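Copied over from TrEMBL:
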type	residues	note
BINDING	171, 194, 196, 198, 285, 287	Mn(2+) binding site
REGION	33-56	region 'Disordered'
């Protein structure tokens, strides 16, 4: 069984560990909770009923356990086409902490999300069996051990044929996730949205923290460097050669100032051609957005992307062979309104909508 823990957050009456079912469509269905080690689902037939988030027309949004979009929670990835997973780790953070609470807060805000995407025509819950797999059980006192736990959890998720959509957590977590993904898919293409390139070699003598994940991925051959794009890069630096490493590896580096006041649809047309048909991974650091829209993060940089540009980037991945996604660096202590987590929840839904096999009306 995956070493996963259920989210400790509850919403509304009867929430938390004592609630033995989820209210769906006005009915209560048993929740394949992570507290039930034996609970799993066999792969559904193509015409069998799939999990659906409950409609607010019949079930109050404050009712139910705290899962992503109030989806059923289960312990095993078996039978799932895609799943939301939390990785509540922030001991790789270099500035403001708090991203360990990101998964819980994103789940809370996801209660506002609905099942269809009228803008793109995507109907993910009519196409895929989706659930919430809870949280990876990280070691908050040992970053190396946490990376091992994350890698082992994702090896099992990927082996089951389940596409992971991850709620971070700081950006360190993408490194062990890509270790597991590359074991199955080989070197990955990468669409990376961020204010920072995260290709530093080390800091304070340490080679593993949230500023180094993609340097470590290059070191281990986890990335297909000719199919890597980094969008939204900006901010001050200690040198004027800050972009040299990424470009020397063959990455496409798109600076934030090259995105100001324009649509990113043309850029994503070029990215789709660059990525081709081979597997890609989407990694979205919430600090890629301007802090006016997403203040709740550890390393904010001014003059970033807008939420509408974020949608253009993610929707621009439709038709690509997306095999995994993450949304990282939401820090609720710096997000008093919850707006950063709300944006994050919406972006994760958009990622779900661009997965292969999602029906588009």
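Cβ coordinates are placed from backbone N, Cα and C, and glycine is handled just like the others.
Within 8 Å of the centroid of the Cβ atoms of 171, 194, 196, 198, 285, 287, where the record puts Mn(2+), the same chain has further Cβ atoms from 192, 195, 197, 210, 288, 299, 328, 329.
Cβ neighbours within 10 Å of residue 287 (Mn(2+) binding site), excluding its own Cβ and spanning all shown chains: 30. Shown in sequence order, 211, 233, 235, 285, 287, 299, 301 are the residues of the chain, 6+ apart in sequence, with a C-beta less than 8 angstroms from the C-beta of residue 196 (Mn(2+) binding site). Taking Cβ-Cβ distances under 8 Å and a sequence gap of 6 or more within the same chain, the neighbours of residue 194 (Mn(2+) binding site) are 171, 230, 231, 232, 233, 283, 284, 285, 287, 288.
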